[in-house]
């Protein structure tokens, strides 16, 4: 028997066992869709599988370091009203960087003040020396010797730096002026080595032994970058904003038209036409500005009071004008020198740094003018009676009035009487405009205090108010007027026959100020003639009196309160008037005490918000209350010599 056969079908063969290998997903083919039938629409192909995108080569941008000059230029453009987006686009910086510059502006200004010079504006990092005192001492010593033509080399400067270190920190100081310190000192102050052929001056002492460094060529000395080897005094090359002019003028700072028109008794009138009793109220004002009028320095007021009561316990740096004392109220040589180094040089350097200009300037100063009655005297050789003290004294030489590096200096204009005479630019209308504006504001104050007598106003108007009034009047002088006066003054040296430009505008402005003065004088003094107002305006046009040409005249004593008219008596009449209609009326002493308390509070506030008008009005009320009540003067309402 045979076994049963399997069912019909494919033959089954044994398959050997194999391990199943996992197939990669990337090789797996997507399932195919069935072929579309005759009545179906075609479907779009599926999107590509997600995967890594191809890399694109990106060029890296390098960060750019901006100098302090660039940062300050951007800051000035934003402060000038330009949009920050436009400034960022021009400089190629994001908005956050520009806002950071604006935030760091005080630090940038402080760094320039510490470093100084044109080199400081080119710095990109605000880093000072580790030993700042030694660095400053060496740099000042270097500038002083280079001004006198003394050649200096690296080893000499290094030895002097170590000597300064021992003087500052004591003999135990371990400071060493290495070659690295000297290299950093050169780069910090912009000093390079140059070969000098012939110095301007020989050294005062014997020639110091000079030992050259290997890096320096034989005969090379150190000079500041951009400066000639001999530092000549007439190097020129100044821009319009770097040329300044200063001029002095006399001013009766609280003299009103009524007092000026009152004739003096006997020979109590000085040649200018004013009574001698008001000579103590005469001050000298120094005005200075650059050619464009964009920088006007604070006026300098010189008076005869050594310690004015109204200026005590006050920070005079906040005043719009400065005050200095002189026995005869004239600009002497020490005063001019002190003003030049204490106010002019720091103010000009701050302005030049703010404007991103080179740190150099020149100040043109006219010789002190003499009144017509003094200049008409015969010279000393022809008249032995002319005192020597009436001869005008020179205020100094250009060598004395200049900075150690010679960047800021003074030049005196010619004083000849022929064509060689160069008039001061500010004499052509600027000084007269300042005085007319000052007297207009003075009359406005007098009209506002018309409730009291003129003596009440003069006692209430103190020297502190005068400084504010002088600063206000100087600010009212337009920059365009100053620039036109410069052109008019300098044209005399080149085109003496040509007419001044913009004469119509100047005449219209002058006429408007004179019209205001005449109107205010008519309001304050109804019986005053226009000729008397004109005399009051031109009373101090002589420009001031030079040294020694004044007589020592003591200020007039103020009238006693008993001699002044009073409508309210003291004693029993005041007690009878204390009660009127059941309302308690304060006494004169209580009223004066309350007004003085209010005055002390008002003076403690910000002077720019208060202004001189309210202070003068309140002092006028106090003076009137004291006069009506028969009370003597007090220390609160100081009269500054009235």
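Glycine is no exception: its Cβ is also placed from the backbone N, Cα and C atoms.
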Region 'Disordered' according to Swiss-Prot, located in which of 323-348, 349-374, 375-400: 375-400
548-581, 582-615 - the one Swiss-Prot records as region 'Disordered': 548-581
For the domain 'DDE-1' (240-365), the mean pLDDT of the predicted model: 82
Helix, strand and coil counts within the domain 'HTH CENPB-type' (122-195) (DSSP): 44 helix, 5 strand, 25 coil
